[in-house]
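Going by TrEMBL, these are the annotated features:
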- A:20-42: transmembrane segment (TRANSMEM)
- A:63-82: transmembrane segment (TRANSMEM)
- A:80-368: domain 'FAE' (DOMAIN)
- A:CYS224: active site (ACT_SITE)
- A:HIS303: active site (ACT_SITE)
- A:386-466: domain 'Beta-ketoacyl-[acyl-carrier-protein] synthase III C-terminal' (DOMAIN)
- A:HIS387: active site (ACT_SITE)
- A:HIS391: active site (ACT_SITE)
- A:HIS420: active site (ACT_SITE)
- A:ASN424: active site (ACT_SITE)
Amino acid sequence: MPQTLPDFSNSVKLKYVKLGYQYLVNHILYLLLVPIMVAILIEVLRLGPDEILNLWKSLHFDLVQILCSSFLIIFIATVYFMSKPRHVYLVDYACYKPPVTCRVPFATFMEHSRLILKNNPKSVEFQMRILERSGLGEETCLPPAIHYIPPTPTMEAARGEAELVIFSAMDSLLQKTGLKPKDIDILIVNCSLFSPTPSLSAMVINKYKLRSNIKSFNLSGMGCSAGLISIDLARDLLQVHPNSNAVVVSTEIITPNYYQGNERAMLLPNCLFRMGGAAILLSNRRRNRSRAKYRLVHVVRTHKGADDKAYRCVFEEEDKEGKVGISLSKDLMAIAGEALKSNITTIGPLVLPASEQLLFLMTLIGRKIFNPKWKPYIPDFKQAFEHFCIHAGGRAVIDELQKNLQLSAEHVEASRMTLHRFGNTSSSSLWYEMSYIEEKGRMKKGDRVWQIAFGSGFKCNSAVWKCNKTIKTTTDNPWSDCIDRYPVHIPEIVKL
Amino acid sequence: MTSEMITYICKRTVVSTKPAQAGKCNPLSVFDRLMEKNHIRIVYYFPSTRNGEPGVVTKKLRESLSHVLTCFPIVTGRLQKKDDGHWMIKCNDAGVRMVEARTQGSVEEWLKNVNRDKELMLVTWEDMFHKPYFWATFYVQLTEFEEGGLAIGFSCSHLLADPTSATMFVKAWADTTLAGTMLAPPFFHPLPPPRLGNKNPNHNPYTDLINHYKSTIDDRSPAFTNNITNYVTATLAFSGPMVQACMLDTSRPSPFEAMAGLLWVCVSKVKGMKQGLISMSICLDMRKQLGLDKGFFGNCLVYNKVHHAESLLDKSELSEAARAVGESVTKMNNERIMDLIEWLEHHDYEFPPLMNGHDLICANLEDLDPYATLFEEGFVPIRVSYYVEPVFGIGQILVLQSPPSEGPLSRMVMVTLPADELSKLCDDDLILRFNPTILMG
């Protein structure tokens, strides 16, 4: 009994020590600058005005010198301001809400599975076990073509789903932002597994009658992290083109990729991937500065494709019967962890406060020089960010990241609840998570958000946003009818 | 013939719009459990609507079906056996199966040359799977006629619903499509419990009804498994004045009793009975007698054998038959039904019986009111046909309501008999005296 009290008081002391250290290191500049300024002020006051005037006259400035120095100052200032990257603002975004009639409860999914895979009860059992532990809820949606017995994944159905999802998201975005289709200068559409000709971006241009000199891009095959790759591309384009609007559409079309074989590693995506999409408006126009929701601060992309194991861990291939599916390897989590470490190493110095970086540096030096057995210091990212949006790739991904980054349950709540309500919607899941945080009223001005996405390749991409204004809750978003029921407790295993 | 074949477009599952409450289970009542071997099929024929586009009506109906299923968790649930070996419904939200189909021609043309086999093609049904937990108990088929009209085929296992409940479900669906709300919400609760307390110690349970059930349950005769007989169904429409004439002839106050008596006599004749009548049971809805709301969802049909005295020379066979039917009807009152329920609660059986397998079954489905099912304003069903399958033994007679344009007393009778006997029936003098219009068969 008496042993716990000293521990408690120790930990409190430790907390204050930590706080003191953080304040010291993070504000070192101010702490050094203030005494110097005070000293100068005292010196100036001591000298008195006459002395200062004499000092000034003794410097012997003539006109040429003054002009040159002022031109130099103006020149340096101009170069500095011109080379500063343009700020990219996220004006607003819209997520697609699937119709309630596309809902797939667990029981329906399992029954269909049984009817389609009637010769493979083991595969059905496997799917059932995955579904029980998946963290999905009873309201996730699949596109209409997958509801048929047997499913009819034709190209026409895939185009139908693409039109439904993308046009709904675009309509919603145009309505929310008041953007006119003629004002879109850059269009980027990313959809990994469905890539028809003409492309999905051409489909959008056709539907909304966009300008003929639009810069359109269609990214396919880049996996679940393609959303952030599109954002990165948009940012680069907005550096080159002043005064422009860029629309990014992130989605994943499920229809053509429903695996109809019975290879276990390939059945997993069937259980997790669901219908969803998002449309985002980015802009570098000054007039959008005041009404924009977020400002893009950093985008960090890490690619582990050079490693063979990482390259093959999410692989689309044919199974023994010639049916195409995406096979997930068993070391997916390990590779994801490696990719995350890589990404953190790059993003850490950009976002972490000086105190954390110093600690990390000290531990690193210590490990290299003194004792390799020292535990590596995991920087506390909770000090750099208020909100975390972890790609809802699956329960395991969220658990792994929560453990690695030492996040609390509230930090990962947005990810878990998005997985429960919408399933794994691939590249658009980050936007559903942002929407959740906003609808819960937690997004305040100045908050920093970290979006992390993993994707095939193996890639780990991050984006850092800073909230521009406190965001009020609205009614035209996918969470509007169910936000009050969340957060829900998601059991380890749901008994089917 | 090929022009009347149906093209199946797709089969899918329709689920409710809101998830069902997890873990909810509904046990089946004693009346429900008796009907395991049977299923119901209903076909509604609707005239052409304004919306000429194919597929539009189907989509609208599918969406409204989703909405209405939210209030019927039993319909979307699945069968499972409880610990005591009895059936229950686990409300797991699995949904109903829906088949969409298209056929050429118009509804009116179809109705001119329809017969039992063709009509049953408009309703999809799958017999119980080996693992009933994955077997859908309700099926809906929407068949659009290319030149106008729609046929809605609805089938369900008799374990969960009787024709009254099935009709009520489709009406709720229609109300939801039309106005967005149901006019008569369903009630899911068990049958009334046995009265405790004021039980007369000298009370003798009504043995006739119980004996009838006992003999049906205990009968394991191989006639059940014999399905070679080719049954055909005919729909005979009796106009109001004719039904009234029949009622006067038999001096019975109820159209059902008159019709039942008439059919009983005629069927006995075509079966070759020179003297007396074949054995017949009537099947009635006992909701009123048990004090249950009309919205009670589940089985509430009770079968009772009709006993007839030998025909006396001075009374006509017809009026005697009708009198016997009337007597059977009056004998089915609250007390006797409660006795039956109590007996059934305590009497377990190993194999579920075939309730309509022995005698000629004559079911009273007059009060179902299917013509009030309007999916669109002003579009009343042209015809509604009922089938209680499978038909075994002697045959089946269903006395139904006629479309409202025919008048309140007119009746439609669907008779299912072996093919040769049915043709003889339609030529029978006694039947022809009442001038029925043969709508089908």
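Note: Cβ is positioned from N, Cα and C throughout, glycine not excepted.
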- Query: Tell me, how many other CB atoms lie within 10 A of the CB of A:HIS303 (active site), whichever protein chain they belong to?
  - Reply: 18
- Task: Could you give me the DSSP helix, strand and coil counts for the domain 'Beta-ketoacyl-[acyl-carrier-protein] synthase III C-terminal' (A:386-466)?
- Result: 35 helix, 21 strand, 25 coil
- Message: Checking the contact step here: among the active-site residues A:HIS303, A:HIS387, A:HIS391, A:HIS420, which have a Cα within 10 Å of the Cα of A:CYS224 (active site)?
- Response: A:HIS391
- Query: How long is the line from the C-alpha of A:HIS303 (active site) to the C-alpha of A:HIS420 (active site), rounded to the nearest angstrom?
  - Reply: 29
- Across all protein chains shown, the one of the active-site residues A:HIS387, A:HIS391, A:HIS420 with the most other Cβ atoms within 10 Å of its Cβ is A:HIS391
- Query: How many Å lie between the Cα of A:ASN424 (active site) and the Cα of A:HIS387 (active site)?
  - Reply: 20
- For A:HIS303 (active site), the three-state class that DSSP assigns: strand
- Task: Would you mind reading off the Cα separation of A:HIS387 (active site) from A:HIS420 (active site), to the nearest angstrom?
- Result: 19
- Query: In the structure shown, which of the active-site residues A:CYS224, A:ASN424 has the fewest other Cβ atoms within 10 Å?
  - Reply: A:ASN424
- Message: If I take the alpha carbons of A:HIS420 (active site) and A:HIS391 (active site), what is the distance between them in whole Å?
- Response: 13
